[in-house]
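Q: Take a look at the following structure, please.
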Amino acid sequence: MRLALIAFLLLTLFAGCAEKQGDDYVIGFSQCTGDDEWRRAMLDGMQRELAFHNNTKLIFKDAHANSAVQVKHIEELLQSGIQLLIVSPNESDPLTPVIEKAFHKGIPVVVVDRRTSSPYYTAYVGGDNYQVGKTVGEYANTLLGGNGKMIEITGLPRSSPASDRHRGLVDALATRPGIQRVATLNGQWEKDIAKNELRKALPNFPDLDLIFAQNEVMAMGAREVCNEIFPERKIRVIGVDGLPGQFGDIQMVYDGHITATALYPTGGEEAARVAMNILQKQPYQKENLLQTAIIDSSNVRMIKMQTDKMISQQNDIERQQARIDEQLEIYHTQRGLLYVMTGLFIVSIILGSVALYSLIENKKINKELNSKNTEILIQRNRIQDIAEKAQEATESKFRFFTNISHEFRTPLTLILAPVEELLRQKNESPAVKKNLSLVQKNARRLLWLVNQLMDFRKIESGKIRLQVAGNDIIAFIRELMLPFEQVAKKRRIDFRLITALPELNVWFDRDMMDKVIFNLLSNAFKFTSDWGHIYIHIAHAADEVIIKVQDNGSGLSEADIAGAFEMFYQGKNSTKGTGLGLPLSREFVELHQGTITADGKKGEGATFIVTLPLGNAHFQPEDIADPTSDTIEKSVIWTTTDIEPGHQHIQTEHQDRPTVVVIEDNEDLLGFVTGLLQNQYEVITATDGKAGLDQCFDTVPDLVVCDVMLPGMDGLQITSTLKSDMRTSHIPVVLLTAKNTPEQQVEGMQARADMYVTKPFSPQFLQESIRSLLTNRQLLLSAQVGRNIGDSESGLSRLDKKFVNDLRALIVSRLDDPTLTVEAIGKEMGLSRVQLFRKTKALLGGGTNDLILNLRLEKACALLRNPDLTVAEIADQTGFTSQSYFSTVFKNRFGVSPKDWRLVKS
Ligand code: FRU
């Protein structure tokens, strides 16, 4: 819109400029002939005059002395829309009609030099031709002294100057009978024609005195012919026109070529002046006759000077005019530039205004936007707050679920473990066993739900990881079907696996797929009536396995299908289920890059379809289970319900029962664990971390069983403290906890726990774990006794190795000291007597005194190989108070006396 306005203004501006450059008047000028100097002088004069009138255009046409051509030219000029016609008719009669036509059309007609035959013209400008003829006649009479012969050469007889000049001459000679006009020749205004005519006539008049030629060019021709024919005679020649300039007849008079000439002004300026007066409605005269005069030797000098001066002035004027034209050109250019500049200035003002307006508008808009932005920001912050609060609420909800789940797991352990123990005991009655099974079944169910909640927490926190391995899916599903078969049988449900595949290797995480299939089957059994059917179809597509669990139970509505996998979704009329199983299944299946979908109709049964990609290329390397890793733990919980009664425990070599410190804040669990262990071990208990740790330092037990979450000091701290203290670093620690994420296990291991057992644990698993740890330690001992510990396979911690090596070095350095006592060594090593004893025993299998004695005897054996030393000296160097005591001890150990030993070995 704004641009259109600018364009309009510019167009108006330039249109205005163009209008000023247009012509105000158009004048047509029809010339009978333009070929001679006199006519050129007329045109120059006319143009000079018109130059004073801006924007007046002159259309010039030259008929080249042809009347018909001139008629045609005038017609053309009339048609082109001229406003005034200037015409010099070649001949009067042939041109009169067309000139009258113009006049009658209302176009002003200015006739110049030659006349028409009618009075229908607006003005006439030209010389008085009759007067010209008459003046020449009178002058000839005077020149010849009243007697002489002359020839007249006329112009075109039908052109008015020719007839008028002839008439004037005849009239002048009528009263001067001494002057005889011997011939009148028709020169038609043309030099050559005149010459031809004269050549023919002149020889007839050898006494001719004078020739009168009616124009300048014919006069020149006459002179030439006279010179040709009568070179010795001086025939006088008189011309007409009085043209200035180098080639004009004034110069000819001046040079003496002709005697005289009658001035006949062209009238160009005057004609233009009259024409402009007519056009501008100014007063003008119809008849404008220009005066004549004779130019001869008496006045030619002065006239030539004047005309030369005039020519030079005219040249000056022309130069000035050219300069003016130049200036005008510059002026026009500059004016054009000015218009453009003005235009641009206006445009810039408009654009500036537009820009200013836009700036103001923009500022307004920006202000509005800023306030809206602030509003949006406030709203966004509010939303963020709400989202954060919602997130917090969700977090705390999940935390609550997790914590409550933890809380559930300990009591569940306490239900499941004793029930398992009771079920193992064969003496219970069938009725009690049935009830116990019911308790076990429901406790397991409760544990299953708690585990589902915890799985969600793990998924939610991104901590769950796949551990896939290649398994036969057919066998796997058959195995999962087993627990359901009894129910199916009881409820007369047709429960079948339908597949054409004998086996199919699929990569999956057993634990997760166990949960998925168990869930689908539980659902199917929940919603299928007695006598119904539940089919599991397993088929094999190009690159996936398709598992369908299909039932003919109550089915699914469209809303059920849409919401089946949404967390906490429960069908409208459904009271069965938690709404957790299917979303959890979907998470597990999607972790395998598979799909799980539901299908069916209300009342027509449901089908759940699981697809899993074949092969293992779609898993990350860390998703693949380490084939050597111990994955038994989880299955132990559910499958080991039958402890073999005749199980052979690995016994420790020492008859003293090992001491185990159990630190657990849950009194029931503490009691339960104590009950499990007290038959084989000395059990010391503590219910908070600090007290437990003190017990460990006081008693230096053979093993510690410790809960992770404890009041006072947690299990990880206790482990870490024990492992970094020389007194206790050797004690194996079993961490017992409800937390079972890999991260927590890693934490436990970082604190240097020897084993990590998650609740609920199998009592047997715990017993076996403790037994195995103690046995391993015992086996290790047998390898350590009596030797320095330095190799990496020793199985001892760095601190324990240091302890053993320090102890050995200390004893060896003081072997010759018979007063070396356990107390002294303990003091030196910063340990109490008991601590030193228990630690040495735990690490090396015997007491400190045994170690001292062993080392003394070891050294004695080495010294006995040196024959230079006596037995008495050796007894002395190895710290025995007497040779006899040394010999007794030596013999007790090796069965021979030192002397005999030396004989045998040397
Ligand atoms: C020029 C001319 C003049 C003469 C006039 C008469 O064409 O021949 O010499 O005076 O015409 O019309």
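For all residues, glycine too, the Cβ spot is worked out from N, Cα and C.
Pulled from TrEMBL, these are the listed features:
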DOMAIN    403-616  domain 'Histidine kinase'
DOMAIN    659-774  domain 'Response regulatory'
DOMAIN    805-904  domain 'HTH araC/xylS-type'
MOD_RES   ASP707  4-aspartylphosphate
SIGNAL    1-20  signal peptide
TRANSMEM  337-360  transmembrane segment
Q: Let me know how many other Cβ atoms fall within 10 Å of the Cβ of ASP707 (4-aspartylphosphate).
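A: Step by step: centre on the Cβ of ASP707 (4-aspartylphosphate), count other Cβ atoms within 10 Å, giving 25.
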Q: Where does ASP707 (4-aspartylphosphate) sit by DSSP, helix, strand or coil?
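A: Note: ASP707 (4-aspartylphosphate) is in a strand by DSSP.
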Q: Across the domain 'HTH araC/xylS-type' (805-904), what does the pLDDT come to on average, as a whole number?
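A: The average pLDDT of the model in the domain 'HTH araC/xylS-type' (805-904) works out to 83.
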Q: Could you put numbers on the helix, strand and coil content of the domain 'Response regulatory' (659-774), residue by residue per DSSP?
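A: Per DSSP, the residues of the domain 'Response regulatory' (659-774) fall into 52 helix, 24 strand, 40 coil.
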Q: What are the DSSP helix/strand/coil residue counts across the domain 'HTH araC/xylS-type' (805-904)?
A: 72 helix, 0 strand, 28 coil
